[in-house]
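Per TrEMBL, the feature domain '3-hydroxyacyl-CoA dehydrogenase NAD binding' maps to 299-471. According to TrEMBL, the domain '3-hydroxyacyl-CoA dehydrogenase C-terminal' annotation covers 474-578, 615-702.
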Amino acid sequence: MARYELVKRSVALITLTNPPVNALSSPVRHAIAKSMERALSDPKVTAVVICGENGRFCGGADIREFAGPLRGPPLIPVLDAIEAGRKPVVAAIEGVALGGGFELALVCHYRIAHSKARLGLPEVTLGILPAAGGSQRLPRLIGIPAALELITTGRHISAQEALKLGIVDQVTDQNACEMAVEFALKSVGKPLSSRRVSMLTTPCPPDLDALLEAATMQVKKKARGVMAPLACIQAVRAAATMPFSKGMKRESELMTTLFNSGQAQAFQYCFFAQRTAGKWTLPSGAQWNNSKPREIRSAAVIGLGTMGRGIVVSLARVGISVIAVESEKKLLENGRQMVIGMLERDAKRRGVSASLNLLNFTLSLQDLKDVDLVIEAVFEDMALKKRVFQELSKVCRPTTLLCTNTSGLDVDALAGVTNRPHLVAGMHFFSPAHVMKLLEVVCGPRSSSETIATAMSLGKKMGKVSVAVGNCPGFVGNRMLKPYLDQATFLLEEGATPEQIDKALEDFGFAMGVFRMSDLAGLDVGWRVRKESGLTGPDVDSKNPPRRRQGHRYCPIPDMVCEQGRFGQKTGRGWYMYDKPGDTNAKPDPLIQNLLETYRSRYGIQPRNISDQEIIERCLFVLANEGFRILEDGMAARPEDIDVIYLFGYAFPRHRGGPMFYVSMVGLERVLERLEYYHQAHPDVPHLEPSALLKKLVACGSPPVQKWREYIKTMHSHL
Ligand code: T1G
Ligand code: NAD
């Protein structure tokens, strides 16, 4: 767990050996403590260097250990002994020094970093705070404002920034370990007291209260209801106002509160869920670790609308050459300007040069003969998409992968019109495609393992979180969204207002409630889909009983809003009103209030007071209920995949862990009981009927979410 060697006759080199990230597990802590004791007591040793194997210093505490009781030596005394020792200790930082790894570096007397190393205190992203002295030492080393920013955001910084901030003493392009040994030899005999960060006085700005107050406002605005950043601010305040030992006590109290809050569990679940999601399997037995992706050097994107542009940018910025195709000259020119602008802004932000030389624009599919992969992003129209796929089938070489960005159409039907159904898959990006991190990779029944491996790995290369899903209407994310949106509009019928529903969801943790979000996305998109699927329109409305479609309850209010030309922010009117089109400041609109009142009285609905609890239960339990059905149907492999889709594609609040984790925390028994209750009250809403899997899990004693897979395994998988 740590290798001990004597180098240059007098330097003890301690190498952490706990792959893949040298996390500070119990055996590693034990090994560090023992190695330090040996180094400090050996008279031959004049200095110590600590480094990590495989070019990675240390990724921090072992997060897997958080779930159980503490075993082995606690970290703080191990670190304190390093700092207090009478021999100089140098940290040789390569790869990463994160969390406890950074804290380990902070107790060393000197820090040498490789130029490619990244440092940070990401604990806040795990719902906790730097709890091995980081919240007390970093402000002492670099001052309150800089420490506050790093600790409350969890941002990773480069070695160069760390040097500028005074965190590291030297940055090198060479072997950091060898440099550290040389540095250690030179530091022998020099006084150490000024190098012990805990002994420094925190430079305290005169406007401390105002600074902390501003930081508090900022984090409250950014992450509603999240406790960790607020606790981080309190810990930094302690560093500014208390002696080190008292500050450490405060750090520990705050950590205990966070650890027991439930939020930390949710954040840590998200960390592992994200890493689990990449591990796909298909019914054939092919999976992430036995299927080889193809290398994609060139791609084509068809359609330069909202989605196509973002997809082109996502491909080009990771070095893939792209041919972009439009249907008309003017649209092509417009698309070209937009893509170039987006790519230039993106490059400027990242401080690199825009890869415009990788772009080509054309009106002809004939130019796609030699590309490795195509992503189709034309209108959501099956007949049009089929024509495009038939044409691609003729033009592209037989090995080219053909992917579609459809939001929910049958990927297999598209595969069926090609001469290579095994090379067809869905690559469902989210809007805006160059910003949103989620990619649903839709596995058709005929998609080959190589096709899925390639789409998944291409997504990763583009910086996306890729999740493999089955081929069903709406796939996973959009399929679950429908019953959730339905509940929100049913609640409007029954007496709620858009602002009330939004507020309940925002208090739950969403950055935007469902109506505010719909106004941002545009209401016309869903309206067009409803018209095309026969749910609304002049013919349909007259042939169906009011508020019923296909035998079920249907709320026509969203259609009525669209009929008035209210398409959301872009038209300055939607569920809310805005000062002008494009404005983002949503204000309650008396006209909507009027529309709701007239509607209710037309259908004899007596409005009732609806509690926030009912809003949350109806919207979110129904969302998870559809998630259970998706698991039953084998359209998602595990609950973690669904949660990752909601975290990265639909901004589900991270401190709630995702819809499936959230209901597991509420308690499956309670969720089942509430769904039964609501279904009884609304028997014409089938989505409220508890799913078979939910019932089965409750019958089996409500196992934790990580165990659900065992109960799903017996069911049919489409993945
Ligand atoms: N503990 C346990 N497992 C970890 C881990 C950790 N700290 N970091 C990574 N892993 C696993 C991960 O689950 C995956 O496992 C494998 O390593 C590779 O990770 C006392 C309380 C270091 C930047 O928050 O940010 O210190 O899937 O796929 O893309 O105050 O991992 O292979 O089974 O992400 O190269 C603070 C978390 C802890 C850092 C590498 N530390 N890690 O990224 O690989 S709290 C962190 C990362 C703490 C102190 C506190 C990244 C990475 P598997 P990966 P990567
Ligand atoms: P859009 O209307 O903004 O753009 C579609 C583009 O395709 C238009 O510019 C059109 O000129 C072009 N086009 C049409 N036929 C073409 C052809 N034969 N050859 C070349 N170009 C052609 O649509 P969008 O919002 O970008 O959606 C594209 C696809 O992505 C749809 O399948 C949609 O369901 C899906 N999608 C959309 C979103 C979203 O939020 N907008 C999210 C995920 C997926």
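Glycine too: its Cβ is placed from the backbone N, Cα and C atoms.
Taken together, the residues in the domain '3-hydroxyacyl-CoA dehydrogenase C-terminal' (474-578) have a mean pLDDT of 94 on the 0 to 100 scale.
Here the domain '3-hydroxyacyl-CoA dehydrogenase C-terminal' (615-702) has, by DSSP, the following mix of helix, strand and coil residues: 65 helix, 0 strand, 23 coil.
Note on the domain '3-hydroxyacyl-CoA dehydrogenase C-terminal' (474-578): DSSP counts are 63 helix, 7 strand, 35 coil.
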